[in-house]
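Copied over from Swiss-Prot, here are the features:
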{"type": "CARBOHYD", "residues": "Asn82", "note": "N-linked glycosylation site"}
{"type": "CARBOHYD", "residues": "Asn124", "note": "N-linked glycosylation site"}
{"type": "CARBOHYD", "residues": "Asn229", "note": "N-linked glycosylation site"}
{"type": "CARBOHYD", "residues": "Asn237", "note": "N-linked glycosylation site"}
{"type": "CARBOHYD", "residues": "Asn258", "note": "N-linked glycosylation site"}
{"type": "CARBOHYD", "residues": "Asn314", "note": "N-linked glycosylation site"}
{"type": "CARBOHYD", "residues": "Asn328", "note": "N-linked glycosylation site"}
{"type": "CARBOHYD", "residues": "Asn506", "note": "N-linked glycosylation site"}
{"type": "CARBOHYD", "residues": "Asn556", "note": "N-linked glycosylation site"}
{"type": "CARBOHYD", "residues": "Asn569", "note": "N-linked glycosylation site"}
{"type": "CARBOHYD", "residues": "Asn622", "note": "N-linked glycosylation site"}
{"type": "CARBOHYD", "residues": "Asn736", "note": "N-linked glycosylation site"}
{"type": "REGION", "residues": "65-963", "note": "region 'Metalloprotease'"}
{"type": "REGION", "residues": "717-813", "note": "region 'Interaction with TGEV spike glycoprotein'"}
{"type": "TRANSMEM", "residues": "9-32", "note": "transmembrane segment"}
Amino acid sequence: MAKGFYISKALGILGILLGVAAVATIIALSVVYAQEKNKNAEHVPQAPTSPTITTTAAITLDQSKPWNRYRLPTTLLPDSYNVTLRPYLTPNADGLYIFKGKSIVRLLCQEPTDVIIIHSKKLNYTTQGHMVVLRGVGDSQVPEIDRTELVELTEYLVVHLKGSLQPGHMYEMESEFQGELADDLAGFYRSEYMEGNVKKVLATTQMQSTDARKSFPCFDEPAMKATFNITLIHPNNLTALSNMPPKGSSTPLAEDPNWSVTEFETTPVMSTYLLAYIVSEFQSVNETAQNGVLIRIWARPNAIAEGHGMYALNVTGPILNFFANHYNTSYPLPKSDQIALPDFNAGAMENWGLVTYRENALLFDPQSSSISNKERVVTVIAHELAHQWFGNLVTLAWWNDLWLNEGFASYVEYLGADHAEPTWNLKDLIVPGDVYRVMAVDALASSHPLTTPAEEVNTPAQISEMFDSISYSKGASVIRMLSNFLTEDLFKEGLASYLHAFAYQNTTYLDLWEHLQKAVDAQTSIRLPDTVRAIMDRWTLQMGFPVITVDTKTGNISQKHFLLDSESNVTRSSAFDYLWIVPISSIKNGVMQDHYWLRDVSQAQNDLFKTASDDWVLLNVNVTGYFQVNYDEDNWRMIQHQLQTNLSVIPVINRAQVIYDSFNLATAHMVPVTLALDNTLFLNGEKEYMPWQAALSSLSYFSLMFDRSEVYGPMKKYLRKQVEPLFQHFETLTKNWTERPENLMDQYSEINAISTACSNGLPQCENLAKTLFDQWMSDPENNPIHPNLRSTIYCNAIAQGGQDQWDFAWGQLQQAQLVNEADKLRSALACSNEVWLLNRYLGYTLNPDLIRKQDATSTINSIASNVIGQPLAWDFVQSNWKKLFQDYGGGSFSFSNLIQGVTRRFSSEFELQQLEQFKKNNMDVGFGSGTRALEQALEKTKANIKWVKENKEVVLNWFIEHS
């Protein structure tokens with residue numbers, strides 16, 4: 001699943017607006033982590049009761065009863081399912097949308113058992129008498145059913161038998177049921193959109209991780225693989241899709257010719273969370289790939305007619321071919337459908353053969369979409385198609401190893417997208433998009449290892465917590481590091497061996513290490529200091545990462561667990577004492593040096609890192625290692641001198657690294673904050689995107705801490721001075737903003753130039769924004785603002801303006817036909833400086849007719865990113881937490897993002913007290929998947945308070961001196 005924030009799976013890059021309006025997203029990251037699923041606790045009518053049916057909600061779980069444990073017993077394994085579903089796309093007499101279903105699951109008994117336990121959630125069983133009918137297969141004798149019950153807390157349907165099922169025998173269990181086709185974005189749900197003035201309704205799915213059980217009774221764990229025969233009964237004017245192609249043409253339903261029956265081919269052996277089925281009037285654009293695979297892009301008819309699916313169609317074939325070669329394994333299905341949904345809480349979902357997307361992750365309009373929208377489409381597609389092998393063909397055994405699934409896809413998405421767009425240098429974007437982004441979380445004492453013990457991940461909420469930036473971005477970072485020190489060819493060799501060995505099966509991360517080790521052992525050119533497992537265990541089984549410190553006078557090199565707050569208490573022990581086996585590359589005076597391994601010791605010495613008086617050395621070339629680097633002050637000063645005299649000697653990524661690392665080290669009190677600020681002085685001569693992005697990203701923290709204090713004025717003045725040469729460069733290059741640079745990185749650099757100039761008050765930029773927006777308001781049918789610049793221009797113009805500008809943008813949002821344009825407007829509306837407008841906007845997030853449920857939390861976070869909106873958003877969340885939690889479901893990963901977003905500025909004792917009181921006040925409601933984020937927010941707030949006290953005066957003086 002893509003980072004929905006994935007989140008937010010990168011994918012794009014975050015542009016920082018350090019202005020009066022806010023810190024706003026300019027280059028959107030592929031739905032960075034705000035995602036997965038919404039579990040809406042909506043009311044579902046109960047089935048008629050009978051003496052043989054009981055509904056149990058266990059309060060105190062008696063663990064001796066298997067139905068009170070969250071993990072399924074292994075006494076029964078599913079072999080196959082036959083599932084028929086009929087969604088009703090108009091409400092019934094009670095005003096509810098429902099679906100009806102029938103399921104036959106064939107079971108293989110592994111051990112004698114007198115109870116059948118199968119997942120079921122919010123389903124009402126309509127079978128007469130007992131909830132199910134049980135039959136033997138072949139000569140298998142079936143005992144009578146004693147009683148059936150629903151256990152609400154553990155989400156089970158339990159069938160108690162009067163005798164035992166026998167090992168080696170097959171049985172079939174049949175049930176009929178109905179459920180609500182709710183708008184809760186989970187399981188089998190409904191999505192709505194407007195076509196003109198007509199409301200259209202479609203039925204779609206989101207099963208990951210634990211909501212297949214909301215669609216039909218099933219063994220809803222990833223290792224419980226089976227084959228599926230899906231049949232959909234649907235209105236005859238609509239199209240039915242599922243994982244596999246239809247067996248033939250749809251046939252009329254015998255009892256009602258207005259309905260059609262579509263039966264699909266049997267799936268391969270697969271996990272329940274990868275199932276998908278959709279009923280809609282969507283249309284598609286199609287092509288057949290060279291290998292015979294049918295590729296189709298589905299969307300609303302208007303979007304297809306306007307060509308918004310063509311870019312996705314054009315890149316899908318090359319990406320599929322790339323991964324088939326990368327994995328040395330053919331694409332395992334006969335077709336690849338991808339569909340853009342109006343309502344979808346994840347960024348995208350890798351359902352096997354029927355991938356679902358948010359519209360802004362699949363659709364692209366060359367006339368109205370920005371370059372970052374285009375980059376997002378190609379990277380999200382690459383992420384999801386990577387899963388068709390790694391995750392779908394070979395699947396994790398349990399959710400505690402989610403990082404292997406999502407981390408791997410989050411790494412190779414850059415490779416697949418780079419193949420589709422070879423001139424963009426997309427592979428470099430993993431550094432700002434994933435590596436440094438996740439280090440900010442992984443450097444907290446409240447972080448967690450990539451691999452979590454299976455026994456700690458049981459409930460749906462615990463599973464949802466696995467879908468975080470550690471799993472996605474740290475997973476991607478360490479797999480990239482592994483591929484780099486093995487070499488990509490050797491890595492691919494081991495990967496292909498792994499996929500061939502475990503096709504249609506389940507694995508743990510140890511299985512991948514074993515096959516990579518076999519590839520290492522079969523050659524002699526790559527020599528490792530230890531086994532793949534021994535090296536990687538230190539990166540996956542302990543949280544955090546090291547800071548490597550070099551003393552260039554002696555050549556001494558040491559490592560230490562890096563913590564942003566060096567005084568924080570690390571309560572999680574490590575079998576490796578927080579030491580790592582670290583692959584180190586280095587440059588001395590612009591020349592590459594031999595590779596070096598720092599073993600799992602705290603200190604070593606090597607002359608590679610020793611310099612003469614005028615020399616400098618720089619470690620972690622292109623940031624292929626997952627660590628940060630500190631030097632003695634003389635070496636830092638020599639690097640600064642090199643950057644200010646001839647910056648091209650240092651690779652672009654490492655120019656960004658110097659900024660990222662030094663600011664993080666300053667936060668951790670390992671270097672003076674003035675040294676980090678000195679590392680930005682060279683930017684007045686820098687034209688490349690990544691160093692500027694590093695500075696803006698790092699300084700965004702300064703903005704959050706100081707935009708309510710006297711530091712902010714001198715800080716803005718300094719940034720105006722530094723960015724003005726870049727602004728003038730692109731003003732000339734683009735012929736006064738009438739053209740766009742040719743390559744991706746230059747376009748991103750242009751966006752940073754104009755966003756930084758406008759948000760820090762450069763008059764010519766503010767005038768540009770006002771002029772362009774005024775032109776648009778005077779002629780709404782002709783938008784003169786290039787899509788690349790719209791986020792910046794919209795935000796700045798709304799910040800400068802008042803109600804007229806806000807209402808105009810809101811009106812344009814209501815009319816927007818392209819979701820990318822709607823996203824830009826929705827974010828920009830949060831830039832207003834009018835308190836009453838922001839409060840009104842917050843209220844809109846509680847009304848799904850005004851702000852879609854999938855967009856509610858990101859809208860609140862956009863308002864919170866505005867210095868004026870932040871206290872309003874915090875008050876709003878406090879006042880409405882119970883409603884938000886109940887309406888959206890505590891399992892939704894977006895709660896983690898919401899807590900992070902509204903507390904980012906917290907840096908005072910009063911705000912800390914408020915946060916602690918918020919925790920206390922809502923213990924009865926709970927925080928669901930936001931529980932860890934709340935603890936991290938408390939930790940960050942304490943660190944912020946301390947940092948501001950220690951650094952405010954010196955930072956103020958530095959900005960005054962250099963502005």
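These residue numbers are counts, starting from 1, taken along the chain as shown.
Keep in mind that glycine also has a Cβ here, set from the backbone N, Cα and C atoms.
Locations of recorded Swiss-Prot features on the structure.
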residue	record	DSSP (3 states)
Asn82	N-linked glycosylation site	strand
Asn124	N-linked glycosylation site	strand
Asn229	N-linked glycosylation site	strand
Asn237	N-linked glycosylation site	coil
Asn258	N-linked glycosylation site	strand
Asn314	N-linked glycosylation site	helix
Asn506	N-linked glycosylation site	strand
Asn569	N-linked glycosylation site	coil
Asn622	N-linked glycosylation site	helix
Asn736	N-linked glycosylation site	coil
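In sequence order, Lys492, Ala496, Leu499, His500 are the residues of the chain that are 6 or more apart from Asn328 (N-linked glycosylation site) and have a CB within less than 8 Å of its CB.
In the three-state DSSP reading, Asn556 (N-linked glycosylation site) counts as strand. If you take the CA of Asn229 (N-linked glycosylation site) and look 10 A around it, you hit none of the glycosylation sites from Asn258, Asn506, Asn556. Within 10 Å of the Cβ of Asn622 (N-linked glycosylation site) there are 15 other Cβ atoms, across all protein chains. Comparing Cβ neighbour counts within 10 Å across the glycosylation sites Asn506, Asn569, the minimum falls on Asn569. Note: the CA-CA distance between Asn314 (N-linked glycosylation site) and Asn736 (N-linked glycosylation site) rounds to 33 Å. Shown in sequence order, Val550, Gln603, Ala604, Gln605, Phe609 are the residues of the chain, 6+ apart in sequence, with a C-beta less than 8 angstroms from the C-beta of Asn556 (N-linked glycosylation site). Ranking the glycosylation sites Asn258, Asn622, Asn736 by the distance of their Cα atoms from the Cα of Asn506 (N-linked glycosylation site) places Asn622 first.
The two recorded residues Asn569 (N-linked glycosylation site) and Asn622 (N-linked glycosylation site) have their Cα atoms spaced 32 Å from each other.
The glycosylation sites near Asn237 (N-linked glycosylation site), taking a 10 angstroms Cα-Cα threshold over the set Asn82, Asn124, Asn258, Asn622, Asn736, are Asn258. DSSP gives Asn328 (N-linked glycosylation site) a coil state; it is part of no helix or strand.
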